[in-house]
Amino acid sequence: MARLVHLTAVLAASIRLAAAATINHDFNVTWVRANPDGAFERPVIGINGKWPIPTIECNLGDRIVINLNNQLGNQSTSLHFHGLFQNGTNHMDGPSGVTQCAVPPGSSVTYNFTVDQPGTYWYHSHNDGQYPDGLRGPLVVHDPEFPYKKEVDEEIVLTLSDWYHDEIQTLIPQFLSKTNPTGAEPVPNACLINDTQNITVSVQPGKTYHVRVINIGAFAGQYLWFEGHKMRIVEVDGVYTKDAEADMIYITAAQRVSFLLTTRNDTNANFPFMASMDKALFDKLPADLNYNSTGWLSYDKSKSYPDPALVDELNPFDDMTLEAYDGMELLPEPDQNVALDVIMKNLGDGVNYAFFGNITYKSPKVPTLYSVLSSGDKATDPAIYGEHTHPFVLKKNEIVQIVVNNLDEGRHPFHLHGHNFQAIYRSNESAGTWEDGGGAAGKTFPKVPMRRDTLLIYPNGNMVLRFKANNPGVWLFHCHIEWHVISGLVATFVEAPMDLQKSLAIPTDHLDACKAGNIPTEGNAAGNTKDLLDLSGQNTPPDPLPAGFTTRGIVALVFSCVTGILGICVVAWYGMSQPLEEATAAVATLVREAQVTGSGTSPNHDDGNAAATEAGVLRRRT
């Protein structure tokens, strides 16, 4: 029986391969102008002179070829195909400084890879925090064997996103500034659905729609619900699930959720649906910001589009209760444990940075993948990749467990490149670290865990992820709040590096892009090719804050104290001055009255002296 199943799978794969197509795209990346929220027109990054950028669609087994030409003029770029494993094509993953050099203005590269995963994905720039300026869009891989195919009549793709009126290169210096010592992230100016607002989606009664939802935003998680309709979740992050009914879902930045939505049997009304940004993520709550974006399921265009009803609470479906459709059971106990503590703190330049443990990420001078390919037998030594890339070298096929302890007050969506992971445990908010809770003792992990590539961790909580290192490559693990990528919340997995050396060669056009950008392509993280353990000259973060008080700090403290004391004195003097003036005026009035009403004679000098004495007493008392 097992042999028959295997032969059937091989036959199905062979048929798909024979039917596979090559999907070609020429992407000229340019600046265009757009006003998606109707409030502010600004430059955005488009493709071929248009924005929003196109949806990439293909069938399972197809080859995608994208010829990217950077015509921005003032910025480098790259493309990452979020959620695709790039098995055998690690150099097509896209993060600059990791698997490629950034593509400078005027240069071109080709991304060429086969898609062997069905589901809902997206693509975006993975260079210098760039994608919130508009270089992000859906990527959909259709599956002829989609397990719910017989129930589906039509398909709908919805993107959710936050939106900024300022360009990211304007916001980054404001964010990474000593004038922002708490690391407060810039708050978006708007919430968008399909890169617009007040969208209508035409539907027909009595049909079932396969709705693919992608959060392509930079920061905000989004709550989503449809009035008068239920959602049956069938996929998260490219992994099919046993169907699960939900009234409301929560989607972090970078996550995807697919569900079946069956329309009503009549056309008596149109129904609103709502995307609402998670305000808990924002340090500031601008009074003029509308956190919501409303769309409508349009049954009849001639009928009105009602305002959405108020909801009593935001109570979304718990994605940890989902079960993978394929029944893949919990992986065995790990061969390697990776513990990552999320910390936000200031360095010596006064700027607030994000850390895993005591390391904030700094991009190496040589892309990490290129260091793997040029380092011979030293490729298994994590030291050559530089401590500031936070590298972990993994052996092929070992089971890896990541324990993330969130020592921060905020929520974080963590994404793993090159894999999806089994989400085997997530604590509640304020549960403390995994170790505080006794680790695995007393906990029951799901037999068939949910798998996905991006998962939310709660404030001051923890989570445990598990995956098999069966995809040789250099893969990032990072928070997908783009501000936290910029501030360093990134680690690097170097997986089966010796296998990579045997199987991978970098295309000439990718090396040419490095040359155009004056980026070395050999050596360790510092670009040293002679002594791979010599990291002198590597990119480093600012020095830590000095212990105790520096001379400048002592002087600043003294002046602050003096200023504070003077301030208190001024306040006290001001508070006493008015009663004193009133008392003095009252005494003077008494003296004048005594002079006028006294026995008709000249003013009594003794009484006058007494009055003056009384005024002196009042003055001293006050």
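Even glycines carry a Cβ here, placed using N, Cα and C.
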Given that Swiss-Prot assigns His417, His478 to the Cu cation 3 site, pick the one from His124, His126, His142 that the record assigns to that site as well.
His126
Per Swiss-Prot, member of His412, His419, His480 binding Cu cation 2 alongside His82, His124:
His480
Between the candidate ranges 363-388, 597-622, where does Swiss-Prot place the region 'Disordered' annotation?
597-622
C-alpha of His80 (Cu cation 1 binding site) to C-alpha of His126 (Cu cation 3 binding site): distance in Å?
6
Relative to the mean position of the Cβ atoms of His126, His417, His478, the recorded Cu cation 3 site, which additional same-chain residues have Cβ within 8 Å?
His80, Asp93, Pro95, Val98, His415, Trp475, Leu476, Phe477, Val485, Val490
Within 10 angstroms of the C-beta of His126 (Cu cation 3 binding site), what count of other C-beta atoms is obtained when all protein chains are considered?
27
If you count Cβ atoms within 10 Å of each one, which of the binding-site residues His80, His415 comes out on top?
His80
For His417 (Cu cation 3 binding site), what is the secondary structure by DSSP, using just helix, strand and coil?
coil
About how far apart, in whole Å, are the alpha carbons (Cα) of His478 (Cu cation 3 binding site) and His415 (Cu cation 1 binding site)?
6
Sequence gap of 6 or more, Cβ distance under 8 Å: name the residues on the same chain that satisfy this around His417 (Cu cation 3 binding site), in order along the sequence.
His80, Asp93, Pro95, Asp453, Trp475, Leu476, Phe477
